[in-house]
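This report refers to the structure that appears directly beneath it.
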Amino acid sequence: MAETKETSEKDEKPKPRVRPIVRLGIFLISHSVLVSVVCCTAGVLALFLLPVLAKNTYISENALMPGSASPMLSYQHVSDGNRLVKDLTNLDLKSSETGIESQRVIAQYMLELGAEVSFHKFHAQLNQFHPLHFFSSPDSGVIQENFSCSSYGINTVGIIRAPRGDGKEAIVLVTPYNALKSGLGEAVSVGIAYSVFSLLTQVTWLAKDVIWLVADSRYGEYAAVAAWLRDYQIPKFSSLSTLNSEMCPDINNLYDLKVNSIAGSKYSNSFRRAGTMAAALVLKVGDQSEQYEDTISIYAEASNGQMPNLDLINVVNYLAVHRQGLRVQVEKLWSLLNSSWLKSLGEIFESLGKVAKSLNPEWKFGIPATEYVEGTATLASSLYYQALGVPTGPHGAFRDYQVDAITLEISPKYSLDKFRRNDILLRGGRLIEGVIRSVNNLLEKFHQSFFLYLLTSPSKFVSVGVYMIALALLIAPLPMVAASLYVDANSLDSKTNKSTPSTIADTAERGITIRSWRWLYSAKLVFAVHVWGAIVSLLPYFICQIPDCSSTISFMIWVVLSMISLLTLYSVLASPFSCNNASQEKEWALVKSVTISYVFIGLGLMSVINFATAEIGALLMVPMCLLARPLKFDLRAGSLRSFSRMVCNLVLGLIAFPPAAFFLLKGMLEDFGSVNIGDFWMWVESLWAWNSATYIFIGMVYLPCWVLCVHILLHTC
C-alpha cells in the first residue's frame, strides 16, 4: 500500500502556476464592463485636461537665435516697397488688361534689384475624385483638356543667390496676388515682400538662396503654389510647358521687358530653380483687425493633419511679440468662448489648482478659467482642422513635399491709408527679415522640437506624449470587451445541452468544433459590410460623371445607390435579418466582438496617420460599439436600466450617422438655419479633392461600424 501511495504521488503532476499577466488579463476580461466605464470616463476627462497640461513653447534649435541681431530693414526699403504698392494700385485703376501688366511691373522691379527673374505658366487643375487618387503622388491633378488663353495662370518668380552659399538650400517667400481682383491688402503684402527682397540683395550674411514667388491666385492661392511646386520638384516635359504665341498673343507681350536697358539683366524664359527648400513663408495682409491692436494670424495645418516643425512657429511668435509688438493669434472655435458649461468646468479646474497649490506650492496644476476657455477653444479648432485634412492656406502645398511652411496674415488696427501703410510695411518687413535670418542660421533641416502637437495658444502646446493618453484610454476597453464577448458567446449553455449521457458524448467533439469556428459567420458579415463601405467610397466617382447635377441631387443619388448596394450585398453574402443553422441566441455577441476588434485596429492605424480624426472618431464610435445590444432583449427586460440603455443606443445611433453628425456639428458651430442637405456632399467633395485620409476612414471604418451597430440593435435571433 505504501508503495502504491508513493507511486501515485509520483504520478501526480504539480499544477501549472498561472502567470500574473494571465491573471490580470482574466480579471480585466471578466470585469470588462467596469473597465470600460472607468477607461472611457478617464479618456474624456483626459481630453478636457489637455489645456491644463499644456506647456509653454520653447525654441529647441539653438542655431535659430531669433532676435539676436538688430533688424537692417530701413525706411529706404520701406519707401521702395511703398512705391511698388502705388504702381500696382494705379494699374488696377487705369489698366483694363487681364493682369499681365501687373506681372510685368513686378518682374521689372525684381530685375532692377539684380535678381534672377522668370515666369511660370500653369493651367488650372481640376480636383476630381479618382479611385486611385489617394495612393498617387501630389502630382495627381487633372489638367483641363479644353484650355484657352484665359485659363492660364502666370507666377512671377525672383531668385537671389546667396553670396555665402553653395546653392544647395533655399528659403521661399510667397505672396498671393490676384491682379484681376486685387485689393489694397494684396498689394501691401507684395510691397512688404519687395522691401525684404531689396534688403536681401545687399546683405553679406545670406547663406541660403531666397525665392520670392508672386503666386497668381486667380484660380486659388493653393492651386498656384501647388503648380509651381510640382514643376519645381517634378519637372515635366510636355507640350503644355510652353505657350503657343499664336494662340495667346497677349501672353507673348509679357516678355517685352526693358531688359536691354538694365545692365547684367538675369531674365530667363526657362524654369529657374534654387536649392532644397529649408522653409517657406506665405505672407498675406488682411482686412482691418477686429482687435484693438495690430494682429498677425498663424495658419499651420496642412493636408491629413500635418503640422510644420514647432520651432518655426516659435520663431514667428517670439519676433512678432517681443520685437515688433504684434498680437499673435491662432484659429479658435469662437462658439465655445461663450459656452457656460465650459466656463463652469474651467472654474472647477481653477479651484482644484488652488487647492493643489495650498497643499504643495511646487504643484503647478490649474489655470485661470478664462485662459482655460480660450485654450479649449483653440485646442478644439486645432483638432477640427487637423481632422478635416484640408490645408488652411497655401502653405499646405509645401508640406506635401516635407517642407516646413506656415501662412502669416497681418491684420492692421486701422485702415491702410498712406500713413499707416509705412508702419505695416516696416513692422511686417522686419518680422519677415528676422524669420529669414533665423532659418538662414540653420546648418540642417528642422529636426528638433515637435512635429506632432496641438496648440492651445500661440505660446502653449500639447505634445504627442500627452494627448495620445486620451485616445489610448478611450480605445483600451475595446480588445477586452471583444475577448469577453467571444468567451461569453462560445460558452456552453447548460439549458440547451441537457440531454442523455450518450447524446452528450456523441455531440461533445462536434460542439467544440462548431464553437471554435462559429466566429467565421460573424467575420463573413463584417467583411461584407466593409466591402460595401469600399463600394460606397467609390460611388462618388461615377456620380460626378452625371452632367448638370447639383450637390443636393448628387447626395440623394449617393444615398439611394448606397442603400441598394447594401441590401444586395447582404442578401448575397450575409443576411442581417436572419440567422443560419449555426447561429445561436448570442450570435450578435460574436458580430459585436469582430466589429469591436476591427474598430480597434482601424482607430489605432488612423491615430498614426491623423490623430485628430482618430480622436473624434473614437468619441463617437467607442460608446456606440460598447453599448450596442439587441433592442429585443431590452424590450423583454422592461427594467429602467434596459430602457435607459435602449434610449442611449437609439440616440447614439442617430447622432453617429455621418450626415447627422455633420449637420449637428455645423449647426452648433455656425447656424442651424444655414444647414443644407447638399452641404454634406460638398464637404465630401472637399475631402477627396484634398486627398484627405479622413474620407477613407469614414468610408472604410466609420460607416461600416455604424451599419454593424445598427445590425446588432435590430438583431432578431
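Quick reminder: no glycine exception, Cβ is built from N, Cα and C everywhere.
Taken from TrEMBL, the feature transmembrane segment covers 21-50, 464-487, 525-543, 555-577, 589-610, 616-635, 647-669, 689-714.
Sequence-remote contacts of a segment are chain residues at least 6 beyond its ends whose Cβ falls under 8 Å from one of its Cβ atoms, and for the transmembrane segment (616-635) they are 36, 40, 43-44, 47, 383, 387, 471, 474-475, 477-478, 481, 588, 592, 595-596, 599, 603, 606, 642-643, 645-646, 648-649, 652-653, 655-656, 661, 697, 701-702, 705-706, 709, 712-716. For the transmembrane segment (589-610), the partner stretch with the most Cβ pairs below 8 Å, chosen from 21-50, 464-487, 689-714, is 464-487. Sequence-distant contacts of the transmembrane segment (464-487), counting only residues of its own chain at least 6 positions beyond either end whose CB sits under 8 Å from a CB of the stretch, comprise 28-30, 32, 35-36, 39-40, 42-44, 46-47, 50, 53, 450, 452-454, 519, 589-590, 592-594, 596-597, 599-600, 603-604, 607, 611, 614-615, 618-619, 622, 625-626.
Remote same-chain residues near the transmembrane segment (21-50) are listed as 345, 349, 376, 379, 454, 456, 462, 466-467, 469-474, 476-477, 480-481, 483-484, 487, 615, 618-619, 622-623, 626 (criterion: CB distance under 8 Å, separation of at least six residues from the stretch ends).
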